[in-house]
Amino acid sequence: MIAKASAPAKTILFGEHSVVYGEPAIAGAINKRAFITIKDSEDDRTIFRAPDIGFEAELLTREKKYILLKGKPGIIRYILEVLYTLHDHTPIDITLNSQVPIGSGLGSSAAVTVAMLAALYRYHNIRFNKKSLAHDAHMIEQAVQGVASPLDTLVSTYGGLVYLSRNKKVEHFNVNFNVPFVVGYTTKHGNTGKMVKDVKNLKTRNPKIINPVITSMGNLTNYAKQAILKRDFNKIGELMNINHGFLDVIGVNTLELSRMVYNAREAGAIGSKTTGAGGGGSIIALCPGKVEEVAKAIARDDNVLKIRFTRKGVSSRVYK
Ligand SMILES: Nc1ncnc2c1ncn2[C@@H]1O[C@H](COP(=O)(O)OP(=O)(O)OP(=O)(O)O)[C@@H](O)[C@H]1O
Ligand SMILES: C[C@@](O)(CCO)CC(=O)[O-]
Ligand SMILES: [Mg+2]
């Protein structure tokens with residue numbers, strides 16, 4: 001039997017960091033996916049392969065351990081946690097193919113976790129729905145990382161654009177948002193936990209300055225929600241630029257992120273900002289009609305991905 005599943009990566013359009021303090025956020029699934037294939041094993045070993053990142057390991061699922069055969073570990077922890085939680089230890093072959101750069105702030109860990117869970121549910125013929133899957137995937141991310149916001153796994157499961165309100169209500173945008181964006185990324189990725197802690201310390205030292213900034217980031221996200229609903233791209237671009245400035249204020253930008261953001265704007269992006277935790281990682285640029293120019297400008301120094309937001313969330317099937 002073969003079970004296959006895929007799930008999209010995500011970018012945060014508005015509200016990273018301020019969301020930690022209860023402010024709203026907007027994130028969306030992008031048309032870059034992680035693909036998992038599970039097959040019966042041909043010997044009595046369980047093997048995990050990720051050819052795109054040159055990784056291979058034999059998994060000892062009962063012990064939650066692995067024997068490294070090739071590459072550097074990391075993403076394997078999510079696969080092992082899923083197996084440890086759900087699998088009956090029969091030997092299987094697992095392959096990960098990914099269009100998503102791993103560890104660059106585009107939610108690769110969530111995409112891999114959601115796809116792995118869905119494929120394994122299919123393999124074992126376990127019924128699931130998106131609600132239970134999003135919940136289980138969040139639990140896996142939390143178990144591996146210690147802390148994780150539910151946003152990444154939610155977006156990877158449901159697809160589409162998601163608005164998380166101040167009282168943590170999730171709203172799915174019902175709007176055509178098929179407009180081109182360019183993502184720039186560095187492989188040097190800030191540690192999310194550390195970045196969140198640094199912002200907290202800055203806020204504690206300078207409450208009168210930083211608290212209003214966090215509130216403004218939330219207000220800006222609410223304006224962005226309206227602009228998205230109206231498909232007012234100039235307004236969305238303007239708000240992205242302001243959001244980037246606020247992220248600079250709270251100290252999460254780096255030379256590389258700023259370089260990508262300003263290279264994008266110089267090449268014609270109508271808005272560009274750091275996306276995710278910062279300290280390295282990714283930027284996102286809104287550039288209708290200027291995709292090639294913006295991609296070329298970013299690619300001079302950094303890596304580029306042309307993306308669109310997609311409504312397609314997790315997808316899975318089984319072949320007998
Ligand atoms: N070349 C690699 N091979 C295997 N694992 C890797 C490699 N590079 C990074 N990793 C691991 O992949 C995981 C990526 O998860 P992480 O949550 O840090 O990034 P992300 O999901 O891509 O971005 P974010 O969560 O910030 O949106 C980490 O566990 C990291 O150790
Ligand atoms: C920085 C942060 O807001 C987003 C990281 O992708 C942290 C979080 O929400 O968990
Ligand atoms: Mg992640």
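Even glycines carry a Cβ here, placed using N, Cα and C.
According to TrEMBL, the feature active site, proton acceptor maps to D152. The annotation ATP binding site is assigned in TrEMBL to P101, I102, G103, S104, G105, L106, G107, S108, S109, A110, A111. Here TrEMBL flags 78-160 as domain 'GHMP kinase N-terminal'. Per TrEMBL, domain 'GHMP kinase C-terminal' is recorded for 225-299.
Feature annotations (TrEMBL) mapped to structure.
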| residue | record | Cβ contacts under 8 Å, 6 or more apart |
| --- | --- | --- |
| P101 | ATP binding site | S108, Y185, T187, N303, L305 |
| G103 | ATP binding site | G74, I75, S109, T187, H189 |
| G105 | ATP binding site | Y185, H189, G190, T275, G276, A277, G280, G281, S282 |
| G107 | ATP binding site | A9, K10, T11, V100, D152, V155, S156 |
| A111 | ATP binding site | A7, P8, A9, K10, R33, A34, S98, V100, S156 |
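Excluding P101, I102, G103, S104, G105, L106, G107, S108, S109, A110, A111, which define the ATP site, the same chain contributes A9, V100 within 8 Å (Cβ to the Cβ centroid), listed in sequence order.
DSSP classifies D152 (active site, proton acceptor) as helix under the three-state reduction.
Taken in sequence order, the binding-site residues P101, G103, G105, S109 that lie near ligand 3, meaning a CB under 6 Å from one of its atoms, are S109. Summarising the environment of the residue listed as 'active site, proton acceptor', the number of other Cβ atoms within 10 Å of its Cβ, over all protein chains shown, is 25. Helix first, then strand, then coil: DSSP counts for the domain 'GHMP kinase C-terminal' (225-299) stand at 43 helix, 10 strand, 22 coil.
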